[in-house]
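Residues annotated as domain 'SAM-dependent MTase RsmB/NOP-type' in TrEMBL: 1-346. Annotation source TrEMBL lists S-adenosyl-L-methionine binding site at Cys100, Ala101, Ala102, Pro103, Gly104, Ser105, Lys106, Asp131, Asp158, Asp184. Residues annotated as active site, nucleophile in TrEMBL: Cys237. Feature annotation from TrEMBL assigns region 'Disordered' to 351-417, 624-713. According to TrEMBL, the compositional bias 'Polar residues' annotation covers 369-379, 691-700. The compositional bias 'Basic and acidic residues' feature in TrEMBL is assigned to 624-635, 650-663, 701-713.
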Amino acid sequence: SHAKEILHCLKEKYFKELQNLEVDGQKVEMPQSLSWYPEELAWHTNLSRKILRKSPQLERFHQFLVSETECGNISRQEAVSMIPPLLLNVDPHHKILDMCAAPGSKTAQLIEMLHADMNVPFPKGFVIANDVDNKRCYLLVHQAKRLNSPCIMVVNHDASSIPNLQIDVDGRKEVLFYDRILCDVPCSGDGTMRKNIDVWKKWTTQNSLQLHGLQLRIATRGVEQLAEGGRMVYSTCSLNPIENEAVIASLLEKSQGALELADVSSELPGLKRMPGITKWKVMLKDGQWFEEWKDVPSNRQTQIRPTMFPVKDEEKLKAMNLERCLRILPHHQNTGGFFVAVLIKKSPMPWNKRQPKVHQKLPQRTGDTEVTTADSGNGSECIPEEPTLAVNEESKKMQELQNSDTEQSKKEGVCGPPPSKKMKLFGFKEDPFVFLPEDDPLFLPIQKFYALDPSFPKMNLLTRTQEGKKRQLYMVSKELRNVLLNNSEKMKVINTGIKVWSRNSDGEQFGCAFRLAQEGIYTLYPFIHARIINVCIEDVKILLTQENPFLSKFSSETQKKVKDMAMGSIVLKYDPDPEKPDDLQCPIVLCGWQGKTSLRAFVPKNERLHYLRMMGVEVFKAKRKEEESESKTEEEVQQSLAQTEEGMDMEDKEHNLVTKMEAEIGEEPSHSPVESTAMEVENKIEDLDQSSKNTNSHVSQESKDTDTSNVKD
């Protein structure tokens, strides 16, 4: 519903402002919707980044784009990159693996598809987003965090040997097979030559020859983990057949009929595409061409492999239906070049078919690859362990597994980082994921204060600290909890969960030490039965434009509701009135704080601007006003504090202090949300002090996902 409102706002306001506009003597081209993207949810603009940033006439439009991108309401992405997630045909119950996910634009699309129905706080499906590069994983976290989903987990593995995960099904351990897999492999990138100048300087035929093997290994690992009947999309931003059709043909050949290429010619109508090719030659760096493997001299057989050549057998070739692949050429619809193939798995891979007698009592885990006890009758698959694993190493691993410590931590719901020492040599050490025990005294006051529904899944609450005070509570879906608890030793999890509660320094005196966090409010709201105030659109405008408005400024209905309510964290809910079509037509849920004499919203700045835009409030002016109000004298701030007499108000001064501090150290204060409490500000400063001692602080801070990330941004 929010997307529809943004679309309405774009068409009715921003695009109209661009009509007949001239920049540097040139008429601005109107943005066009991509005809093949469903429901007009993707638009294309020819405005260059330079023009967008520099032109005063486009400042409002630019500010809109930046602000809404920060909130996660729009994403800027190459048009052809949007195709693979669309062809996956995701439903909210699908278990999805994104094998090479960074920087995360496609992952964001997948998360959107999971949450197609906003009324379902926890879809049954989830996305596991993986990337081999530890630093790029944090980029992925940043992208995914904007969408506030409890159903995403970011992991750090080599996609070609990503471990088999296990899940608990009715007390039985089973291998996790994915319904959908996105396999957007590393490639030479020659399809991006229109925008990527480097490609012209660095392109050589060698690039593809070097990448082919890796691409084939990743795709093979993907289909091994795909459930029967599942769909895998293989894509590259290259047009070289060595990276495309050669990989698909080789995969189809060794699958012996277990895989087939799906015919997607009727999907995405309006998208201009070319069929996959069936004939190609292989070229060396020095310009030598080869038509088949037998022509390759023995001294070149390490560079050129047999899988790079087209299939010679005409019948086999015809059965592969390589023409079902999609080739998107840059000049057809003003995009980058792209290749996509959609594979469907009909039966287990031939090398995974085992006789039932083999699975008597095999260990549950051996190193990074695992052996699973599965019944071949039910279509489960078994991935054999790496042959290189020495026997004594294997027994060591088994002893490690039976180690009572690991069992104990499992019982306590602790999903720590993997115990293997080599993990600490590269990348950053992550805090553990600790699920709240069922009898945790922390939860009772929260449950009572917010009158949480008995159906609230408290087992899915987790923190990132094993000792000391728990400052933030995060939430994951039931299915991700299952994955986390059963795979903590073999999986390097970078981030998961959505923040739902934050410890508040002044909260305990009001009956609950934890206040609601805006990020998780849409997930939590269906379970909350107390402390909800329904507000009208005028009240929402006051809450979002004024920092700490007095109760007297609100409508009489709101004042009445607040009167009988104790101080503390509250939910502010706006429901659209269908009889007033000019008003905002999507529901809004905000976190707030009720003081003795005032009511305020705890909403990050960009999100405030988003809601105000949707309500037609001119935020451009609002921004100017905000800057003026920030330059109030110290005396005025002191007076307003004296008037309200609220402990809560102290945080404002602290907030300004942090904003000033950020400005002094050259950070951008605009990202700092208006929702930090005094306690959190102290924590931020403490955390920053600690982090300066840690050489890897810049990334580990972000990964911790405490409120420090706001300061860091």
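Every residue, even glycine, has its Cβ placed from backbone N, Cα and C.
Sequence features, as recorded in TrEMBL, placed on the structure.
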residue	record	Cβ within 10 Å
Cys100	S-adenosyl-L-methionine binding site	23
Ala102	S-adenosyl-L-methionine binding site	22
Gly104	S-adenosyl-L-methionine binding site	28
Lys106	S-adenosyl-L-methionine binding site	25
Asp158	S-adenosyl-L-methionine binding site	15
Cys237	active site, nucleophile	23
PLDDT averaged over the residues of the domain 'SAM-dependent MTase RsmB/NOP-type' (1-346): 93
Distance in Å spanning the most remote Cα pair of Cys100, Ala101, Ala102, Pro103, Gly104, Ser105, Lys106, Asp131, Asp158, Asp184, given for S-adenosyl-L-methionine: 20
Whole-number Å value for how far the residue listed as 'active site, nucleophile' lies from Cys100 (S-adenosyl-L-methionine binding site) (Cα to Cα): 13
Rounded Cα separation (Å) that holds between Asp158 (S-adenosyl-L-methionine binding site) and the residue listed as 'active site, nucleophile': 20
Alpha-carbon spacing, Ala102 (S-adenosyl-L-methionine binding site) to Cys237 (active site, nucleophile), which is rounded to whole Å: 14
